[in-house]
Amino acid sequence: MSAAVAIDSASALQTTRAPRRGLVTWLTLAAVAITFAASGFVFSEPAPVDALTIGLIVLLPTVGLVSFTPGVLAYGAMWLVAAASLLLGASSSLDLKSTGIHVAVTIYLYAASVVIAAFVARSPRPHTELILKAWTFAALVACAAAVLGYFGVIPGGYELFTENERASGTFKDPNVFGPFLVVPALYLLNAALQRSFGGMLLPLAGSAFLALGVFLSFSRGAWMVLAVALVIYGYLIMATTRQARVRLKIVILLFAGGILGALAVVAALSSDQVANLLSQRASLEQSYDTGSEGRFGGQEKAAGIIVENPLGIGALEFSARHHPEAAHNVYLSMFLNAGWLGGAVYLILVVLTLVFGFRFAMRASDTRTIFLVVYATFVATAFEGAIIDSDHWRHFYLMMGLLWGMMAAAQQPVQTPESRRPARLLGRAPHPDFSARRPTIVGAA
């Protein structure tokens, strides 16, 4: 009798706990979606997304929606070395307050990227799709604000959603706004390629709309990222797909996109404001690029300082003490901020992501198409880092986290639902399966 009561009690306990665990998981996934849906609102620093992301850094491991695989741990270990190097370099700074804030933000971005990688590794396709859909929502909202504001559709929108006659949307910097739209633009393009011809219209329209936002940002870097990402994505999808239908769609889109793009540029040039700004921004070399105090002169100066300071000079010190502005090269900036070790770790991480990412892109997996979307944009953004400081670009660390999470998950053996039960920081740890020797009431379990 007591045994039956115990069994009934255990069954009742399990049935009462299951909905609670499901509710917690559902609420956590909703928090993830809200966080990345808010990632497009960056009028100031820190932004609302930063507070939400810090919450996720704590929440996701606590509820067990992460998988710290060996690949994720290796990824995190390298960022840990970079963080230690940043702290060591900060000791040389003459303005510890400003440097300390900059270093703290950088380390927070490292931690966020690692947790995102672990979150994706836990359930690669569903979790990656969740983040990409929320990111796409944020991009569409930011782009809508930019386009409506740029063309004066919203009263006061031009002043609010543009910066120096360039569309910035819900961002404070057009140079960040433009690249932020590229992954969602490719994601919608990828969605179109997976649909029938009749179902392609809506995602293609969304992708074209985001491309318009990139154009109106008048960011040479953003233009380059979009163009290079499209080329890499197109090549990889053609090289990896076995579906003739997808290849036919790509060829059709190539011709149609070229024609529509040319028509869009002609239409834009009919506006004197757009034509003047386009002719100015389309130049490969701007006035602020040349001279000893320009962008390239600053990079030469930064290289000399790096050679003389193995431990670095501390974050923000270069623009405060040595040059009128930042180095405009993320790799030089990392060597300046974190010394030879930290700069080398950052560079190695980028190179490893490029190399391992290409290898992963060429193998079959259920995440390959969305992996190509993120990987193509990451490659382009990594090259853009040679002309801009992207060390505080949230979406750059997000891309790295997504890529490493998908790659790390592929290295894990296939697990049963029981073995996939996550380890938790709070609550009872999952118990081993003793079903092979557990007595049962009716037959074998």
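In case you wondered, yes, glycine gets a Cβ from its N, Cα and C as well.
Bear in mind that TrEMBL entries carry predicted annotations, made automatically and left uncurated.
These numbers come from a predicted model, not from an experiment.
What TrEMBL says about this protein:
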type	residues	note
DOMAIN	206-347	domain 'O-antigen ligase-related'
REGION	419-445	region 'Disordered'
TRANSMEM	23-43	transmembrane segment
TRANSMEM	100-122	transmembrane segment
TRANSMEM	134-156	transmembrane segment
TRANSMEM	176-193	transmembrane segment
TRANSMEM	200-216	transmembrane segment
TRANSMEM	222-238	transmembrane segment
TRANSMEM	250-269	transmembrane segment
TRANSMEM	338-358	transmembrane segment
TRANSMEM	370-388	transmembrane segment
Contacting positions for the transmembrane segment (250-269) when only residues 6+ beyond its ends and CB under 8 Å are counted: 189, 192-193, 204, 208, 212, 215, 234, 237-238, 275, 278
Remote residues contacting the transmembrane segment (200-216) - C-beta distance under 8 A, at least 6 residues beyond either end: 136, 139-140, 142-143, 146-147, 150, 166-167, 169, 177-179, 181-182, 184-186, 188-189, 191-193, 222-223, 226, 249, 253, 260, 264, 268
Beyond the flanks of the transmembrane segment (370-388) by at least 6 residues, Cβ under 8 Å: 125, 128-129, 132, 175, 179, 182-183, 186-187, 190, 221, 224-230, 232-233, 236-237, 240, 295, 328-331, 350, 353-354, 357-358, 360-361, 396, 399-400, 402-403, 406
Remote residues contacting the transmembrane segment (23-43) - C-beta distance under 8 A, at least 6 residues beyond either end: 49, 52-53, 55-56, 59-60, 63, 65, 119, 127, 130-131, 133-135, 137-139, 141-142, 169-172, 176, 180, 394-395, 398
The domain 'O-antigen ligase-related' (206-347) [mean pLDDT, rounded to integer]: 85
